[in-house]
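As annotated by TrEMBL, domain 'GST N-terminal' applies to 3-83. Residues annotated as domain 'GST C-terminal' in TrEMBL: 85-208.
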Amino acid sequence: MAGKPKLHYTKGRGKMESIRWLLAAAGVEFEEEFIETKEDLEKLRSDGVLLFQQVPMVEIDGMRMVQTRAILSYIAAKYNLYGKDLKERAWIDMYVEGTTDLMGMIMYLPFQPADTKEKNLALIIERATTRYFPVYEKALKDHGQDYLVGNKLSWADVHLLEAILMVEECKADVLSAFPLLQAFKGRISNIPTIKKFLQPGSQRKPPTDEKFVAVVRKIFNI
């Protein structure tokens with residue numbers, strides 16, 4: 001039997017957090033080897049285990065996978081969270097790309113200059129409530145099912161819940177105009193594997209704070 005997947009990244013969310021979410025939702029236990037210094041990253045690079053000199057990197061099924069999207073697609077397909085056919089996969093991809101765009105805005109917020117943060121935070125809320133959340137609300141309304149695609153839990157659902165919780169950290173009542181997304185959040189949060197991941201003490205990482213921003217700047221020289 002193959003060992004647990006091993007995740008190589010910093011101790012924060014970043015691009016690895018969606019990978020943690022997807023593995024956890026699939027009920028897969030994983031190990032983490034944290035990059036805590038610039039030297040840790042340089043060692044991985046000099047050992048030749050990072051295809052493009054970048055992390056996230058996940059050791060899984062005898063591969064050292066890099067590129068977040070490739071890792072997520074592999075996990076989704078391996079654990080039957082990627083639809084039953086090409087059309088369902090295309091919808092899952094579209095929904096995931098939307099939440100990726102939204103989460104990307106939030107991910108970079110702590111790294112922005114103080115004088116632009118307020119403006120960018122307002123933009124995140126505006127985009128969430130006018131561009132992204134209406135799409136998912138409509139999808140749930142139009143097909144009247146519990147999940148976004150194929151009436152079965154998929155990567156798209158896991159990713160959307162992660163995005164909702166991230167936006168709620170920016171503005172607690174952001175779902176006030178989206179009753180179906182409120183219900184969706186409750187349903188998906190109560191799936192046993194996801195519920196476990198949302199409990200204190202899990203491998204889910206906390207929101208990025210200034211202390212962590214300083215660590216990341218040091219490791220990645222930014």
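Using N, Cα and C of the backbone, Cβ positions are placed for all residues, glycine too.
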Inset, instruction - Could you tell me how many residues in the domain 'GST N-terminal' (3-83) are helical, how many are strand and how many are coil under DSSP? - result: 32 helix, 16 strand, 33 coil
Inset, instruction - Grab the pLDDT values for the domain 'GST C-terminal' (85-208) and give me their mean, rounded. - result: 96
Inset, instruction - Helix, strand, coil: count each for the residues of the domain 'GST C-terminal' (85-208), based on DSSP. - result: 89 helix, 0 strand, 35 coil
